[in-house]
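Here's a structure for you.
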Amino acid sequence: MAGRQQELPTITPYLQETSPERAPSLPPKKKLRKNVQVPDRVPVLPPSPEVVPDSEEEEEEVVYTGFSHPGVQVVQKASGKRYVRRLEPKGVPPPSEENNEEEEPSTSKAVTSVVLNPQAEPLVSAWEKGMDLMIKLMEKYHVEAEEKNGFKFLPEQSNVYRKICQTWLNEEHRGLPLTFTSHKTFVEMMGRFLRAYVESYAGVKNNEWEPTGCAIWLHGCTEQEGVLRCYHGLEMIQKEQLVEMDVASENAQRALKEHPSRAKVVQNRWGRSVVQLKNDDARCCVEDVSCATNVFSAKSCGLFFSEGTKAQTAFLQIEAFMQAEYPKMQNGLKRLLMVMRCDCLYKPTGVPQLGRQMCKATPFALSNVDSLRAEEVTDKVALASIQYPCVLVYQCANPVYRNSRGGQGPNCDFKISAPDLLGALQLVRRLWGENVDGPLPKMLIPEFKWSSRLQYRNVALPASHGDGEKEPF
């Protein structure tokens, strides 16, 4: 064993060449050419898209809809989360807005556009804003529960506003003095003005319905003495008028008392005693020159004054009354707030009625004003009526007087004077200030412009009376 030689490890030449102890040397680096540009950054290829099966869209349920402009919907998903979705008008593509709502991670590619609230406050629609105010007023002024629960800003729900104003008047203004105005009509006009303020405050105004039934008329009846203008904007024609009234009627007794020189009791062609009143200063529309008394042409505006001087005095009275009430007024001095629609015409259908399409304007004389001395009165508002002792009164478009036969058209007991109409607006503003914080909303009353739609109607349109049957015969 001692003489045996030590054995050397046997390794094949191939293994010796590839062994890590004897790794082959790297090839020499090549020098880059000067004209070769090396990119600063190697572009990274996008990862291969993963194939994800399409997931079914979550079921959505509309909780409620807000009647704003544009409208909104509160939608609840199957997971219980809610978001607000805006309803775009027809023909307008929806805006591309991202949904920032925190949701559970989902692989669905469906994107829902929502309305983002930059102020991080709950969205309140115009309908909700108006309903909050109306609920407050209805609870405070004791509106019945049935009407309160069914209130939805519909045009035919005007009685809610009237009841609010009536309760407020009973609590705050008992014994309200009125001049040739019925209390019912005064409350009606207060309700209309209150409705206009509520709709303006909330932003739920209907463009097809004017709630006040009023207009601002640039009348031009005080620019020149003896010159009156009708609703066409043209000068009214002076002609003679002969009126016969029953002796027992209210108008006949008033004519005998106020105009003893022009009114007399005579017998008509049938042998009955009547009061005959002759008016030499009557004024009519230019379209009614050839018409008899109380007869109007198809193109007439329906405006007629039996005494032109008395009518101009009434226009001067309301002008002086407004100037005394608003001494800093700039634009409204020559304009008149007038009622266009009485209870007969205050309907959202817009169907013309038989007769006049506007309220009848009549000048009424203030009695016992001659006994007052202007130097003894310091109130400028009262001085306007002392200086011009006539007021303009708006009545039903086709009024029916006591002891007289009614006409074919509809009629009501609407009656309010021009000063009391302005007073109704003032009291509504006071009611608003007592119940709503902040500035008074701007109420826009349209300016009067003559339209052929307002012409006198001698023939009524065929009307439907309703029928529940499917077939007429």
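Cβ atoms here come from the backbone N, Cα and C positions, even for glycine.
Sharing the feature lines straight out of Swiss-Prot:
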- Cys230, His232, Cys285, Cys301: Zn(2+) 1 binding site (BINDING)
- Cys342, Cys344, Cys396, Cys412: Zn(2+) 2 binding site (BINDING)
- 7-18: compositional bias 'Polar residues' (COMPBIAS)
- 53-62: compositional bias 'Acidic residues' (COMPBIAS)
- Tyr141: phosphotyrosine (MOD_RES)
- 1-69: region 'Disordered' (REGION)
- 85-111: region 'Disordered' (REGION)
- 459-473: region 'C-terminal arm, DBP binding' (REGION)
When you measure from the Cβ of Cys344 (Zn(2+) 2 binding site), how many other Cβ atoms are you left with inside 10 Å?
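That number is 20.
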Using Cys342 (Zn(2+) 2 binding site) as the reference point, find which of the recorded positions Tyr141, Cys230, His232, Cys285, Cys301 has the shortest Cα-to-Cα distance to it.
Cys301
Does Cys230 (Zn(2+) 1 binding site) have same-chain partners at least 6 apart in sequence with Cβ under 8 Å from its own Cβ, and which are they?
Met236, Cys285, Val286, Cys301, Leu303
Near the Cβ of Cys342 (Zn(2+) 2 binding site), how many other Cβ atoms are there if near means within 10 Å?
27
State the count of C-beta atoms found within 10 angstroms of the C-beta of Cys301 (Zn(2+) 1 binding site), not counting that atom itself.
24
Whole-number Å distance between the CA of His232 (Zn(2+) 1 binding site) and the CA of Cys344 (Zn(2+) 2 binding site)?
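That separation, Cα to Cα, works out to 23 Å.
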Please list, in sequence order, every residue of the chain apart from Cys230, His232, Cys285, Cys301 whose Cβ lies within 8 Å of the Cβ centroid of the Zn(2+) 1 site.
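My list of surrounding residues reads Tyr231, Gly233, Leu234, Met236, Val286, Glu287, Ser300, Gly302, Leu303, Trp450.
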Determine which residues of this chain, when Cys342, Cys344, Cys396, Cys412 are set aside, have a Cβ within 8 Å of the centroid of the Zn(2+) 2 site's Cβ atoms, and list them as they appear in the sequence.
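Leaving out the recorded residues gives Asp343, Leu345, Cys359, Gln395, Ala397, Asn398, Pro399, Pro410, Asn411, Asp413, Phe414.
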Averaging the per-residue pLDDT over the region 'C-terminal arm, DBP binding' (459-473), what integer do you get?
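Averaging the confidence scores along the region 'C-terminal arm, DBP binding' (459-473) gives 85.
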Counting by DSSP secondary structure, give me helix, strand and coil numbers for the region 'C-terminal arm, DBP binding' (459-473).
0 helix, 0 strand, 15 coil
Which residue among the binding-site residues Cys285, Cys396, Cys412 has the fewest other Cβ atoms within 10 Å of its Cβ, if you could check?
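Least crowded of the binding-site residues Cys285, Cys396, Cys412, by Cβ count within 10 Å, is Cys412.
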Including all protein chains shown, what's the count of other C-beta atoms within 10 A of the C-beta of Tyr141 (phosphotyrosine)?
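Other Cβ atoms within 10 Å of Tyr141 (phosphotyrosine): 18.
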Please classify the secondary structure at Cys230 (Zn(2+) 1 binding site) using three-state DSSP.
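Note: Cys230 (Zn(2+) 1 binding site) is coil by DSSP, not helix or strand.
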Quick check for the class: what is the C-alpha distance, in angstrom and rounded, between Cys412 (Zn(2+) 2 binding site) and the residue listed as 'phosphotyrosine'?
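Rounded to a whole number, the Cα-Cα distance is 27 Å.
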